[in-house]
Amino acid sequence: TDSPSDSEDSSLSDSELQEAFARGQLKPGLNVVLEERRQRRNDTDGLKQCLAELRKPLAWVERLDVTLGPVADPVAQSASNADAVDPENDFQREMSFYRQAQAAVLEALPRLQKLQVPTRRPDDYFAEMAKSDQQMQKIRQKLKSKQEAMERSEKAKQLRAMRKYGKKVQTEILQRRQKEKKNMLNAVKKYQKGLSDKLDFLDDEQTSSQGNKKGSASQRTKKGPNAKRRYKNQKFGFGGKKKGSKWNTKESFNDVSSFQSKVAHNKGPGKARKGGKKALNKRPGKRARQKMKNRAR
């Protein structure tokens, strides 16, 4: 608990602050509590003591620490230019790191070789995988799916390219045909008007059609039946002509020896006993049946 004197001092200070605020002497933002700044000191002895405690008397092979400056740049004109590295220049800064690492390697490799420490990985080196076989199987499946997707997309690209090429060829053929037709129509018009007395366009058309027919016939003759069909023809023969076997010939048309007029015109003796023509139509026609229905009503 606070003493009575402390409470009186605090009440007096609060009242004084309220009076000052009422007079307008206090403004918001001016009353800031200032903390005391810590005094910084450079304890060299303490730092050296900590360094001595951390340092261990181990051999260099266990430590492998190399502290060197960067290798002299052969491209630089002088040592002053080589040492002066602009920290704002990314390229110069990275090159200084690279040359410093190079100097450390050149210093450490001979020392390791003297100590007979191998610096190259052997050909039969085996290292255990950090990931499990299941994880690696998942990675393989993912890589395989990516490869299949790439193959599908490549096939789709090839199909689209082939379609585009086919459309291009088709349009070129149509344009060529339209051009030939237009030229032929122009030549016909000139011939009709008497501007030209040559009929070369007809010869060109006939030769082109004959060439197409010859080409198709040669293709048909070259194709021929397959080996299975040839074997069956050799074994069973061709079987004779099938189409047109029921067609009339001149001899069959003139031969009337088997014609019977009574049978052809329904005048045979058997049909006469049954009543001739009347016996054929036993049911009356539709109109007659309608008349009979009307009479019955």
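From the backbone N, Cα and C atoms, a Cβ is placed for every residue, glycine too.
Feature list (source: TrEMBL):
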- 144-169: region 'Disordered' (REGION)
- 145-157: compositional bias 'Basic and acidic residues' (COMPBIAS)
- 158-167: compositional bias 'Basic residues' (COMPBIAS)
- 201-297: region 'Disordered' (REGION)
- 207-219: compositional bias 'Polar residues' (COMPBIAS)
- 220-233: compositional bias 'Basic residues' (COMPBIAS)
- 254-263: compositional bias 'Polar residues' (COMPBIAS)
- 264-297: compositional bias 'Basic residues' (COMPBIAS)
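Within the chain, the compositional bias 'Basic and acidic residues' (145-157) has no long-range Cβ neighbours under 8 A that lie six or more residues past its boundaries. Listed by sequence, the residues of this chain that lie at least six past the ends of the compositional bias 'Basic residues' (158-167) yet keep a Cβ under 8 A from its Cβ atoms amount to none.
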